[in-house]
Every structure is written in structure tokens, then in C-alpha cells.
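Chemist: This structure is in C-alpha cells; I'll ask about it shortly.
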Ligand SMILES: NC(=O)C1=CN([C@@H]2O[C@H](COP(=O)(O)OP(=O)(O)OC[C@H]3O[C@@H](n4cnc5c(N)ncnc54)[C@H](O)[C@@H]3O)[C@@H](O)[C@H]2O)[C@@H](O)CC1
Ligand SMILES: [K+]
């Protein structure tokens, strides 16, 4: 499912209207009806419903929603923040129909609210959409603030909550706090920015018949969905053998962190890796081995370890941050000609030698969380949280790496700058060890997949999905351990990836 900026959405509108020939009025009818259908599932006929409308097409959607609800017998009225003479085009067309049908219609008079917001059971925000520029002007800011204070009301936003920008990089001062946002055709970029989540609430995408084909030549941004996992998950052949499912290497294991490589190895095997080998300090091997008897072990000595005899490797989990481990990491990066995942302490060392990435020819996957990523990109966490798409895309294309920016909305960027967002999971995953398990799953899938992007998206998807399934059935969001996710993978794999 494509994610768009405002300018991309306007291009989709233009293409649909000018080149396909669907009229704007009809698209507005489709949008309003689809959103009204969604809202009707959440409300009752006893509810007092207020639709707040603005000057543009977002307001036009609001007129169609109000008419649809009214004709179905709901108690609805419309409150326009602008005088009728300011409403033009398709929105005016639908305002006329609204008034012909007899839906109660009020408008702001002399700057005063003619309708009370208090006591409303449902407030629908059709004030501003993707045409919003800058901070909210009066009276929008005041009315949004009043609407947000109506604590008993269910609040729905049309397309985007009024006050938010569609694009990343814009700080929000005041915005409508929706319980649920019905977004038209494609989710907007800003829906995946952490600071905006509280305004969007739940997000539902409604199909109104727009054609997104006109965007095919632009770098893509998409949400990776269950249907994508089902379509691309590696297929196992009846006569395959362990070698067909890949030989993976996990390099790490500082004496004080035996758990990291152990969990990564178990996760890789549970995700379907054929063979997993752990290269760690020999003191550690006897500690780890009983917990992962399926793995093989080798002393972490680059004179004897043939990295390229494996199909892919993961390095950095529990590697340590000493000078010695820094030079070990540098040697690994120089020697490896196989796809390599760099996580945790590997990312720490990489900061000082990131130019090596430009010469490195085999695929490299970086899996930082926001702090690690901000350090790598020489920026701050808050700047990265405001602009995660553009900053990671710039880094990925400059250094030629796959970049998996870990978070509740994980953004995966390819070396070409295409981006995928994976939203599965919940706060139970915010715990030590989660990253090690994710790296293991990613390695397991990298070994079995033809496409690196698919391996990364599918790996991150099943990691999050497993946490969701476990916290729904057997665990809470407090007690779930990283290793529980490994043991929960069978449930996800059995249901999603048969
Ligand atoms: N074909 C289309 O174009 C379709 C558009 N649709 C709807 O139309 C919306 C976009 O419509 P528009 O382009 O008319 O834009 P908006 O409806 O977002 O309104 C833009 C207007 O709001 C005012 N405004 C902008 N920033 C402001 C601020 N900071 N404070 C106060 N007022 C401000 C300006 O007068 C501007 O002209 C979408 O979000 C969607 O809801 C849907 O009806 C589907 C079809
Ligand atoms: K809106």
C-alpha cells in the first residue's frame, strides 16, 4: 500500500481526473460515502453528530458524509468555519445538495460559535486536509482546541487530522485529536511520524477509486502488509536439504553478553535457517552451546574463520565496544564478501569507519534504533524522528546500504531509496534482547530469500506479529521476553506463512 506526500496525492488526483476522466465531484462522493460507512460502524442513531467543515475539498468530503448520515436517519448537523461564498468547485456542488436535502447547516458568525461543541457525542473533522499550509490560523486553532476538550465525544478525522501536515518534517502546534482517521486512498507520510500518532489515532484507509499508477516512476514508499508477506515468503521444496535453506554465521559474544548471540542464533533457526554457526570467544562457547544445541560453534579467530563459506552473516550483537573488538569489526567488514547484517556494537564501531561502506561491494544491512541511527547520520534523535524518511533515504543511497530503522513504525530503506514501513508489534517489544532476536530472524530469512528487501520486510513483520499474537493469547505487554518471541514464532509462521 503506497504512502504519499501531499504533492504525490495531488498528482494522483490530477491523473485520475485529467487522464482517466473521473470527475472530482464523483471522487468526493466516493470519499464521503466510504468514510460515512466507516463511521456508521462506530456510532449509534441516538448520537448527536457534528461535522466541522472548512473551505476546501476536505470540507466537501464532510458535506457528503453529513448527507449520507442524515439520509440514513442519524442526528447530524454541519458547522462550516467559512461563509458559503468562500466555498467553491466540487465542495460547493455538494454543499448545494446538502442544503437541498435539508441537513441542518450553520456557519461561524462574527467569529462566534453558533453551535456548541460540548454535549456532542460524535465530532467529525472535515476542516482541512492535504491542502493545509503552516500552523492553524484563527478560528481553526480555537475550534480544534475546543473539540479536543470534548472528552465524551468520539472524534473522527477525514483524510488527516486538521492541523497536521501530510508530509514529514513539520512540527505540530495544535491539531485535532482523532480517535480514528479515515484517510483517502493512500496513507500520508505524516501518519508514520511518532509525534503525530496521538492525533491520527487508529488509521483506516478508504478506497475511493483513485489511480496511483502515475507514481510508479518515483521512489516508492509503501506499507508492508500481511498480503505482501504471504506473497513473498520463501517457499520450501519437498526435496530441499539443510544447505538449501542457507548457512548463516553469527559473530559476537563478548564474555559479559552471551545471551545476544544465543538468542540471535535460536531466532535464525526458528525463522527457517538451514544451518547456523556462532563465532564467539572460546570461553563462551561452552556456556552458550547447551542452549542452542542445533548450532555449530567456532572460535572467533579471523585467521581460521572463513566468513565467505557462509551465505550471510550477522555481526555486532554482544560484540563489545573495546578497541580490540573495534579492530575485529573492521577486519570483518574488510574481509566479508557475503551479505552482512550489522547491529548493536557493530553499529557503534561503524560510526568511525562508515566510509568503508562506500567501497564495500557485498550487501550490507544496518539495523539501528533511533539513537544508533542518529549517531550514524550525525544528527539528533529529534531531527531524525521528524524526518525519518528523507534522512535515512539520503544515507542509504549515499553509502549503498539497506537501512532498517527500528521503531514501532519501522522504516526499511533499500540501496535504491525505496522505502517500506512495517507497523506490526506493540510496546511489549520495548525490552532488552528484542533487537538480537530481530537480527536473528532477519538473518534466517536473508538465507532463504531471493530478495533482500523481502527478507527484511518479512522478518520485521513476523517479529512484530508474534508479539501481537502472544500478548493477545498467552502473555501481557509487561511480561513478554525477547526469547518468548522466538518460541512464539511457530504460531505466526503456521498462520501467516503456511
Ligand atoms: N480530487 C480531489 O482533489 C479529492 C480531494 N479530496 C479531499 O480534499 C482534500 C484536499 O482538498 P484541498 O486541496 O481543497 O485542501 P483542503 O481541504 O485541505 O483546504 C485547503 C484550504 O484550507 C485553507 N488553509 C490552508 N492552511 C491553513 C491553515 N494553516 N489555517 C487555516 N486555513 C488554512 C486554505 O484556504 C486552503 O485553500 C483532501 O484532504 C481530501 O479530504 C477527496 O474529496 C477526494 C478527492
Ligand atoms: K481533516
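Backbone N, Cα and C atoms are what each Cβ position is placed from, and that goes for glycine too.
Among the features that TrEMBL reports, domain 'YjeF N-terminal' is placed at 9-216. Per TrEMBL, (6S)-NADPHX binding site is recorded for 57-61, 129-135, 140, 159, 260, 318, 369, 436. For 58, 125, 162, the entry in TrEMBL reads K(+) binding site. TrEMBL lists 225-496 with the feature domain 'YjeF C-terminal'. Annotation source TrEMBL lists AMP binding site at 406, 407, 408, 409, 410, 435.
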Chemist: Around ligand 1, within a Cβ distance of under 6 Å, which of the binding-site residues 162, 318, 408, 409, 410, 435 show up?
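Modeler: By the Cβ criterion, which requires under 6 Å to ligand 1, there are no hits.
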Chemist: Whole number in angstrom, please: the longest C-alpha to C-alpha distance across 406, 407, 408, 409, 410, 435 for AMP.
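Modeler: The widest Cα-Cα gap among those binding residues is 14 Å.
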Chemist: Please list, in sequence order, the residues in the chain of residue 409 (AMP binding site) that are at least six apart in sequence and whose C-beta is under 8 Å away from its C-beta.
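Modeler: Listed in sequence order: 192, 194, 421, 422, 423.
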Chemist: Would you please pick out, from the binding-site residues 60, 407, 408, the one with the fewest other Cβ atoms within 10 Å of its Cβ?
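Modeler: Fewest other Cβ atoms within 10 Å, among the binding-site residues 60, 407, 408, is found for 408.
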Chemist: I'm checking region-level scores; what's the whole-number mean pLDDT for the domain 'YjeF N-terminal' (9-216)?
Modeler: 95
Chemist: Out of 58, 125, 162, 410, 435, which binding-site residues lie by ligand 2, with a C-beta less than 6 Å from some atom of it?
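Modeler: Cβ < 6 Å from ligand 2, in sequence order: 58, 125, 162.
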Chemist: Cα-Cα, whole number of Å: residue 140 ((6S)-NADPHX binding site) versus residue 406 (AMP binding site)?
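Modeler: Residue 406 (AMP binding site) has its Cα 35 Å from the Cα of residue 140 ((6S)-NADPHX binding site).
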Chemist: Are any of 57, 130, 406, 410 (the binding-site residues) within 10 Å of residue 162 (K(+) binding site) when you go C-alpha to C-alpha, and if so which?
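Modeler: Those near residue 162 (K(+) binding site) - Cα within 10 Å - are 130, in sequence order.
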